[in-house]
Structures are given as C-alpha cells and as structure tokens.
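Participant: What Swiss-Prot lists as ATP binding site is GLY675, THR676, THR677, GLY678, SER679, GLY680, LYS681, SER682. Positions annotated as domain 'FtsK 1' by Swiss-Prot, on the basis of sequence analysis: 655-857. The domain 'FtsK 2' annotation in Swiss-Prot covers 1001-1188 and rests on sequence analysis.
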Amino acid sequence: MSSKGFEIGEEIKEQNFFIDNRLDASQLFFVIYLLGEKLHTISLSEERPSIRYEGSLFGVIGGTLFINGTTVTTGYSKVGELEVLVVSPQTAETMFFLINKEDYFVLGSDTIASIQTQGNAQVVIHEDTFIIDDNEEFVYFNNAPIKGHHYVKGVQIGDQILTHDFLLEKRKEQWKLTTFSETVVFNQESFLRQLPAVEFPKDFPKYRRSPRLRLEPPSDKFKIQKIGEAQKPSKNGILRAIVPPLGMLAATGVTSVLSGRNPIMMLGMGSMSVITATFTVSQYISEKKEHKIEDQKRKEDYEQYLIKAVAEISDKYDEETEVLHFRNPSPEKLAEMIETYNSRIYERMASDKDFLVVTLGTGNQASNLSVDSDINDRDNDEKSLRVKHLVEHFSTQREVPITLNLSTQTLGLVGTYPVLKTAVANLLLQVAFFHSYRDVNFLSLVPEKSYRKDWIQWRLLPHFKIQELNMRGIVHNAHTRDLLLNSFYQILNKRKQVLKDAGKEKPKFVPHYIFTIFDDSYLSGHGINEFLAEDMSELGVTVIWCKEDQKLLTETVTALVEYKNQSAGEIINDNKIYVAKSFEPYGDVPLLEKSLRKLTNLEHVEVEKNAIPESLSLLDQYEVKKVEELDIQERWASAEPNKSIKSLIGWRGKSEYMYWDLHERVHGPHALVGGTTGSGKSEFLTTYLIGLAINFSPEDIGMLIIDWKGGGIANTLDKLPHFMGSITNLDGAGTARALASIKAEMDKRMKEFAKFGVNNINGYMSLYKSRLNPKPDTKYPEKPIPHLILVSDEFAELKSNVPEFLDELTSVARIGRSLGVHLILATQKPSGVVNDQIEANSTSKIALKMASEQDSNELLKTHDAAHITQPGRGYIKVGENEVYELFQSGYAGVPYDPDDTTVETVDERIYQINGIGQTELVYDPGEEVVQGHDTSDLPTQLEAVISEVNRVFEASNLTLPAKPWLPNLESKIPTPEVTQTAELNTKIPLGLLDIPSKQTQENYTFDITDSSHTAIFSSPGYGKSTVLQTIVMNLARQNTPEQIQFNLIDFGNNGLLPLKELPHVADIVMLEEVEKLQKMMERISSILFYRKSLFKKVGVASLSQYEAKTKEKLPIIITILDSYDGLGQQDRRKEDIDNLLIQLLREGAALGLYLIMTVGRVGAVRMSMMSNIKTKMVLYLNDESEVVAVMGRERVTQEEIVGRGQVMLDIPTAIQFYLPTHDGNDVKLLEAIENDVIKMDKAWTGKRPKKIPMTPEELSLEIFEEYSEVMQWQREQKIPMGMSYQTTEILGIVPSAQPYFLFAPMDDDQMLLFQALLLKQIAKIKTGVLLVDFNESFEEVLAHHSLTENVTLITDKNDAKDVIAGMVGYVKLAKKHENGEPMLLVISNLQDFIQKTNLPASDFVLALKNVYKAGLDVLIFAPHEYIAKSFDEVPKAIRQLKFTGMIGSRAYDTPLIKGTSSSREPELSIQDAYFVLRGGSSFDKMKLPELTKGENND
C-alpha cells in the first residue's frame, strides 16, 4: 500500500490493512504465508489474481482462493504437502502503538495479556527483549521458524513475528500489529494507540527541496561607554577654608599685643574667627560625605549600564554563534540530519552565495558584530580594563565553523593520508548534503590499495554518478582511469569551447565538478593535465589536491590548507591571500556508510519553474484524452484564415496556451526557428504543423517541407491531406527542380489572383468560399489555394551547399506575404546564416535550446535560450519583444492510449551495479514489467491525430488543392500495363516525365515511327540496357511478330539476352560471335535490298505507301544495338558494320527498318551517323560536356540514379525510364521478364522471324541425328554427313546426284572420322553398300564398328574383277537409260584401288560418268595431297569431273575448290571440312558431327 495512510486518520479508517505498503489493500484478494523451513509470502490482487510458485498454482476465482485446484479458506490450512496461513484484508486489521519498555507487554491467550489471542503462542516484550514461546504452534521470527520455550532475542528495528493470530513488527518509532481475526481482544490500558508515524518524506524516495530558511548573522554595531569621572574635592580646600579665620585670629592677637588694645575686644574677634573656622570644617566634612555617596551611585549606575550593554551584545553574539553553526553544521550533525531526512537536504542551489561553501573544522574568527568603546590606551583603571576585555571578547567568535568557498578556487590540502582522508570525506559529505547531485558531481582519484577500505562506501552516492557519462566517478585502478578520465577530458573540451564561444558573459556550467586528486599517478601522460595546469573554476570544476608536502602542490592552488595532525589545521591562503587561520579539524563521522546509504535513497525532483511542465504530450497540450475530443470538424468549420492561422505550440504555464500565428497581421508572415541537436526542433515543427492541420482544413492550409537531410518532418506528416510535398536531396538536379517548382507556384498564384481580380490570398479564398452562393456577374474560382507553410529544416546547410536555393527562398520571403506563402527557416546555428532580407521579413523567432549564447543572441538578442536544458522548451519572440514568452511544446511521439488507466506495478527485475556504476540485468521473471499495459503496438498520438484528420477530410466535401510540389521521381517505376491490339501500335509508355515548371509529371510516349532512329547515351551501369528492354517488351506486348520484329545485337554485357526467346525476335548476336554477327549484318543488308527492290517494283517510296497500295502488311523491323561503342576502333569489322548502319540510318526509316542503339560515349558515334539519328536520349554520363553536346546548355542537371535521364521535348526534360515489367523489384526483375517472355512465346502460334542460321558449338552425333532434316534425309535413303556453317542446311551424299562423292581428308585422324561417320550413317539406310578395302584402310575403324547387313566388305584383290564387272554392268544400264538396283560403292583408297584393279584412267572416268545414272553411287576416299595434287592419270582425270565431296583442307590451300579465299583463314579443325559441288565450283564450309569415344569404340 502507498504512504497515503500515513497522513490523516480518516484514511486509516477507510483502508486499515498495512501488511505490504507496496500494495493497495483495496485491490488485494489474499495474502498467503507458506509455512516451511523459511517463510514465503504470496499476494494475490486484481492486478495479479494468480501465480505459480515452486510448482504450485495459487489463484482467485469469483472471490474464492484455490491452491492447486483445492478451495482454501482464511486461516491455517494444509493442502497436500503445503502448509499455509491465508489472510484476507476484509478480516484483518493493522494498528500502531507505543508500550512502556519497563512493563511486560504480552501477546497471547492468557487473560492478563495486553493483546489476547485465541492461539497458544505467546510473545512477551520487556526492556527491548523478545521472549517467545511457540506452545506447539507455528511462530516465525524474521521468516525463520521458532521451536521451543523461552526463545530470547533482542529487539531490533524491522523485526517481525508471525503467529496464527497476528503479524507483529518493530518500526523505528512504533510497534505495528496486524491481527488476522476479529476475536483478538485489546487491553487499551497496556499501550498507547497512535496514527502511523511518518518514517520517510512524502513521496519517498522522491525528494523535493523545501523552502530554505536563510539566516544571516547579525551585524549590529555597539559602543561601550567608559564610566563617568568621579567629582574630585578641591585640593587643600580645608586649609583654604580655615587658614583665613585662623590667620585673622593670629593677626588680631599680635595686633592686640603690639598695640595694647582691649583684650576683650580681641577675644570677640578671635571667637568669630574660631566660629568661622569651625563652620568651614563642618561644611567640608559634610561635602566630602556627599561626594562619596555620589561616587558610589556613579559606580553602581555604570555597573547596570555594563550589564545591560553586555546582555544586549551577548544576545547578538550568541545569535551569531547559532547562525554560524546553523549555516554550517558539523559532519556529525549532518549525519544526524540525514538519519531523519531533514528538510535542509539539497537546500543550496548554484545561484546561492554559499554555494559550495564548506567548513573545515572549528576555530576562532572575527565576529560580524561591531563592538567598540571610547576608552583610550591611557585608561588603565579597573573599569577601563574590564571594558577593553569585553570588547576583545565580543570581537571574536570562538569554536565556530571555519569556512572555505570552493566554487571559484583550486584547493590544496597538505597532510598525511589518514588525516586528509577524513578531511576530504567531511568536505564531500557537506557538499553532498547541501547540494543536489543535479548541481554537483564528484570525481575522485584515490589510491587503489585504499579504495576498499576508505572509498568503496561512497560508490552509490548519486553525486559520484557522472550524469553526462552514466559512470561512477571514482578512479581507483587503470581500468577506471581509462574509462573516466578520457570521457571527462571530452566534457572539459566541450565546456572550453562553449566558454570560448560565450564571449564576455561567462556561462554557468551545470553540474559543477569536485575533482579530488589523492593519487596523481593516474594523470601521468594524460591530456587532462593541460586543463589542470590552468584555473578550472571557469569550466565549473573545483580541483582538490591532496599532498603530504606543500612543495608537491601545483601553482594553480588558490586556497592552501595544512593539516598538522588530527586536531590542528591551518588555512594558509584563501583566494591567494595569506590568512593564517587556525582551526580544529572535524573527526571521523560515526557510521558514515549508513549516512551515505540513506542519502543515496533520495531521488531529487526539481520544482517546476514558472509552472511550465517539464514535458507535454500533444493531446495533453489540448487537454483531451481522445482525438475525437479535438472536434476537428468544428474547428475547420469555424476557422477564419483571413484573420488568423494560429496553431497551439505548447503551454507557457499550467493550462496557459501558447499560440503561434503566422498571419501577417499577428506574428507573421515569416519566421526563424533555432535549436541545437537534441533540442526537439523537428518535434516542435511537427507539433506546430499538426496544430495547423487540427485547426484548418486542407483548403485553408497546406504545408511543403524542405529538408536538406531528407526524411525527418516530411516522413511524419506525409499522410496528412494538408501535406503538399517535400523537397529533399537538394543536390544539383534537386535544386534546379525545387527552384522551378517554387517559382511555378508563385507564378501560378499571381496569375490566379489576377484572373479573379484580387490582390492577395484572403480575397481569393473569400471568393472561393462564396462560390456556393454566387452573385450575378461575378467569377468564382473552382479550386482552392491554401496558405502555404514552407518549412526549411536546416537552412544553414542550404546556404553553404545550395546558395542559389536560399536566394529563391529570400525572394519568397519578400513577395510571398500577399501570395499566402509563409516561410519558416529552421537551423541549428543561426550565426552568420540569416541575411538582412530574411531577418527583415521574419517577424517572429522561436529559439529552443541553443548551443551557445552567441547563437541565442543571434535570434533573441538575449542569452536565455543557451540556458535551456529540456527538449521542446523554447522562447517565442515577436518583433521588438511585443511577445516574449517561455513555453514547453507538446511532443506528438508518445503512444496513443485513450483508455489508459495506469496501474503502478512492482518491477521485479533484479539488476546489479557494476564497477563503474552502470546497471546490468541479472534476473528477469519472464517478461518486462511496465507501468500499465504494453503500449509497444499502439500508434503514436501523431499517427492517431493524422488518422482523425483524414477521417474528417474523407467525410467532408472539401476539395484537395493542387500540389505545388510533386514527389521526386521514384528510382524504380514499373511500366504501365499495355495490351495487344489488332492493328499495329508503335506508341508505348517509356518513362515518367518530371516537368516542375508546369507542376506536373506525365507519361512519356515513345513512337518508333515518329521518333525514328534513336540513340541512348549512358555511362556504364545507369540502365541503358534496361531502357532497351522496356522498349522491346512494350512493343512486343502491343504487337504480334507479324507486325514488329527485332534483331538484337549485344556488344555489351548480355543485357538483351533475356529477350531472345520472344517470338518477335529474329535472333540475338554478341560481339564475340564473329560468324553470327556477319550473318546478322548480311541479313539486315539483304532485307534493305529486298525492300528497296520491292518498293521500286511497286512504285512506292515508303512502307506506308506500299501497304496502302498493295494492301499487304510488312513487319516493322527494329535493330536493337546495345553498347555500340563496344565495337572498338581497331576491330576489323567496324568499317563494314558502320557502313551498313549508316545505310540503315539513311534508308531504313522509309522501308520500315529502324535502329535503336545505346552508346557509352557521344564521341564514339560518327558524325555521319549522328546526323541521321532523329531522337537522342541521355542517361547519366560521367562527362558533363557530352550531355551539353547532346542536349545543349539548357540541359537538365544530371542525377546519378539508374534509369534517370533526359529527353528533348521543347526543352530538355527529366525522365525516369520505366522498368520493363510491372514488378519494380530488382531481385525479381529478370525473373519477371523471363516469365513475360515465356507467356508471349507460348501464346504465339503464328509465323515467326527466321533465326540466323548457326551451327551449334557442340554437335554430337546424337544431337545431329535429332534434327528433323537429318531424319528426313535418312528416310529418303540419303546419307547426312554434316551441317552448313552458312545456312545450317544438312549436307551429305545424295544418291544419283553426282559422278562420284569424294572424301579428301587432310590427315589420318580426319580420315578415321570420315570413315567412322560414313559407317554410322550407311547403317541407317537400306541401300546395299559394297566396301572395297584392298589395303585395309578401314581396318582400324572396323575394329570398333560392326558392319550392318546391307554392307559387303571386299578385301581380297582377287575380287577386283567382280567389282569392275559390276561397274561395267551399271555402265551398260546407263547407256540404255535403265536403272539397276541402288547400290553404293565405297572405294577405301583410290590409289590402291587403281593399282589393284589396273583400271585405265579413261575407263574409270567413263564408269564414273555413267554408273550414277543407273543407280550405282561411287564414294571415293583419297588423301587430300594425292587427289588434289597428284599428276597420276586417274586423279588428274577425275578432278575434271563435276564431283561432290568433303575436303579437309583450307579453301586457299586446295585446287579442288575454285574460288577466292583468304590466306589468313585459320587451319580447319578435325570437325570442319569444305563441302564442294560441281567439281569445286561451289563450296560451303560444313561442320561434322562429333563422335564420342564410346561411339568410336563401338
């Protein structure tokens, strides 16, 4: 339960259950004590109705307690192995009381008991002692069970005794008893019942400073008067009084004697003289007595005066003594005050004059009283000496605290370590008591060997927690030295820079550091020494040096204190002035660690200044819980932007709203906002802008964000209907775009105002809002133009990086007033950034926390903003201080939880504090305990308000204004959907144009028939191949292969390869494919020639004319050439290719043939080519001059973005080229292209363009025989032997088509291949074969190939006559024009055959010329050297025949081929040969199938 019950008795009556102060008894169901070897307590409440503990489940359902499923009532129970005591708040009661220690206070069942219970256990309290008897019942003392009789234990604060009937606790000042049933009887005479005593400050451990009692020592002036002088008697007065009468008597007597006169007469005269003398003596005696009485009275009066004066002085003197001791209590006294959490804790603040004033001990010092007297040095009588003694006594205060001010000094302490350790401990204790850890932090360098003995007890004191570093400020080894001193050095550097920037007015640094150095070895070689060599007080640091000898101290010491021993010390210097003031140092504080620990408990909560909250949420700012309560719809309806455009930016006091109104007649029209990093500048601007959205509809207010850094505010507000765009990434291209957009908006507004005859935005919007109730002959606008709030976050970056953009903003500030454009320029450092024009037009300024006083002065003309410490707090200044207010702005990023009913719960996680004072989690019970429910998935208040604004807008009939700033072009834009049409459609979407001067972004339509030949210039890696893909794919999607066809030539990195399977693509060729490229060029050339001839024949000049005249459709053929400059200048093919391309550029467009090519360098294209390229597009080029060469000086500033380029419309215009698919994902782009290609390939069943005929690189016999043409040949009893390189047609032996078929290999290996291949192929036909191999040339091949049934092998030369006879028979049939049985005669070696048969050359030639006509085909094998170059009659003769054959030699090297060829032709591979017809007059290079090793070894 909370400490509320400690305050007033009424609350005790309402809630009188105090078992656990942490729990609210009203929410509590049961408290369960588990009675085992150790007592455990479980509390079940509304917040936590069930818990599992050590395998047992405790829970409350419907007010009933269940333990492991068993119902349990209050009191003692046993559930299985568990013994429990269940307590219910409904039947329990807690009371507090006092007892007489000398009496026996009994709790038990005896009738004499002070508190009579039903149980047998008995507890007796007497003289601070417990006497406990369990009497066979359970009793727990401090959670441990007690068994037996007369268990005696001394009473300690915190002791607890649990029995069946009660829980007894000893508190600090009272006894606390909780009884568990209503049967307990109280003997009220045995104790004094009380309200619970307050043991801790209110809201403990939170602590707030109390109003300080500021006592000043009296300074009265006193002057002690000396005693008045006594009246002195006349000197010889008695003689002067009696001598004359006596003299007269003597003279009379002498005269009488001498003259002889009458003696009687003389007697009379003598008597008179005697009488006169007698009276005179009597009078003298009387006066002397009176003088004595008066002198006595004088002395008595003076004594009374002295008593009164001394009493008066003593009162003031004692008052002064008390004040001195009050102001600076001894450390021991402070420990007593800490024990009771005295209200004087943390009473001193940095602004107090006694800030960091400490006392070193007690001694004598001059009194503040002025006591003087008028006694001079010559007055030495007793009274005077006494007065002098009094004056001397009251002029000195004795045994009073001797103080020293540490705030502006460097202190040097001299003495032994034990003495100095005590002295420093006492100093730090005083500082820690009187000064908050928010104002003062400690950093001490102590010896490693004495850390655990002397300093470890200080480790938890919050003053030793360096707030800026989150580390403990005790350096006691090398590890802590490295961590702390390096970080502290950085703090000092920052402060030094702030001090340097501050100028004349010195800043006050918080916290102030007390830097105590016992062991300076840690400083060796450290950069911090440069600061220690100077006065550090200006940096908010007091250094205390502790040395055994004065000689070891540094020269920076301004206060020097010497401790001679534990009981004698002397202040030698104070503020560099010799004072020689002795004192008696304070001794060690008893139980210092206890005092430190108690002081550590406090969490200092500072009092709110000016009632401005330290933090404020967005909805708190409006004092609502739900966004619906904002009444946004009503606010929009009642808004009058022509009079005010105010927004609530925060509070200037408790519920005192602070509005900012940029209307030109209030705080506007423009403003400056300043705030350093962490000041909450972006959050403030967000709060201001969302406030505008709350108060005004999108028709009234729009906002445009300029953010040099990108993101930021724009990302948080882009969902608002008021949001009109963001200008980010202001590099070269972005700047030009932004300038054009802003200028276009200003121009648009001026034109619109002029159009409707108004001169400002108020007049325009008044007309707009009046359109629903029109007046005759009045024009009304149909579109709203809102006030535009133009926010530039960090415009200092703009000035340094994009000065021309800031110039445009300056122009906006100058002319935007009447146009409804309001400029807010925000920056971290306004110094040197704000020019005169901006300053003159920025009526209001907002300054949040500024980095320096100079920056604050730049905005506010005061230093106030430099001293702000809280994010979101700032000053608003309008004009010349017409408004000057401090405010706290609302923060919109807090979770939106309108149903929040926060319940404080106990965080059960356990942390350990490591060696440097940081916390580390060591135990987590399973889930993080948070205050209230989990808010991690909740939207922020900003998001909730934006959603509400959108809801209100969507429910309204308001018109969304046109946006002046369109979003930056996306870097990846999928191509729009295109569909195929029956008619040819050459117009395709190619990219998105960005035209800021017209405030529009629109599709760029590319029409090949209009754009004609096109060149795309781009450096490598910027998407030129992707543009080609987009062109090809979109044209292919819209048209069939009968309408558009493509020739793909890729001189780059296979960018066109994904398109090769399109049904529209004739073929694709790479630069390295020499032969295929040559064929592609020939194909293009032949098409040009064919169409020119065709058009000439029809009598037309262009494709459109041809189609109109003949009604015949010809496909448009587009040659796509990627990376033209990949064809190097040294390439021998370049000249031919360029010539063909020039011809295509000149003649192709009219014939329906177009070229689209990409080029990496403008200079790579010949002028003759460039002049014939109608359309030029540019992507990013590394050389800016090339962009100028293509686009001119008005080029668009380049952006280094893939796919970003420019095209020439009326002027160069930026474009983002579309991706070739509808999926904008890079990873899936290639896959998407392939899928689309496959779909189109499968969908098209019509006629396709012919591929470039090419033999495969690998042509195995299996692949060869799978060709349909090969299979057709075999069905027709032809013998396929290979494939034409030029046409890929099948070449081989066609029966009855030639006098003979010649095999002329270059070497034995090729001979074996020819032989093996022939055997393989003749095995596939049914025609009979006669293999004549007299010299066994086929022996090696036949060893691996078995002959089929249709082959007869003749090796015996005796069979030669039969062979010749057979040939003669066929000759005869030929002459009769008859056909014999089809037969193949294979002569394995011509030279050997002639030798063995002795057949004359003429007869052999005659046979060859005729036998093939009758059905006998002769196949002759002869080495090339023999058949081609021998002068024997037979080879010489048969060379003249129109034979067909396979020649293994280069064309240049053989006379068997009649035609021109190059000597640079490479040697033929074993798989290559020339296929010759008509005796060599026609020839074609062919590729032979490759026989695998297995096939050769069949």
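Cβ atoms are placed via backbone N, Cα and C, with glycine included.
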Participant: List, in sequence order, the residues of the same chain other than GLY675, THR676, THR677, GLY678, SER679, GLY680, LYS681, SER682 whose Cβ lies within 8 Å of the centroid of the Cβ atoms of the recorded ATP site.
Facilitator: GLN828, LEU848, LYS849, PRO871
Participant: Below 8 Å Cβ to Cβ and six or more residues apart, same chain only. Which residues does that give for SER682 (ATP binding site)?
Facilitator: GLY712, ILE713, ASP793
Participant: Applying a 10 Å Cβ distance cut-off over all chains shown, what neighbour count does GLY678 (ATP binding site) have?
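Facilitator: If we count other Cβ atoms within 10 Å of GLY678 (ATP binding site), we arrive at 10.
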Participant: Which one, from the binding-site residues GLY675, GLY680, has the smallest tally of other C-beta atoms lying within 10 Å of its C-beta?
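Facilitator: Least crowded of the binding-site residues GLY675, GLY680, by Cβ count within 10 Å, is GLY680.
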Participant: Comparing the binding-site residues THR676, THR677, SER679, which residue's C-beta has the most other C-beta atoms within 10 angstroms in this structure?
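Facilitator: Of THR676, THR677, SER679, the one with the most crowded Cβ is SER679.
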Participant: Can you check how the pLDDT averages out over the domain 'FtsK 2' (1001-1188)?
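Facilitator: Over the domain 'FtsK 2' (1001-1188), the predicted model scores a mean pLDDT of 94.
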Participant: Suppose we draw a 10 Å sphere around the Cβ of LYS681 (ATP binding site). How many other Cβ atoms does it contain, all chains included?
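Facilitator: There are 28 of them.
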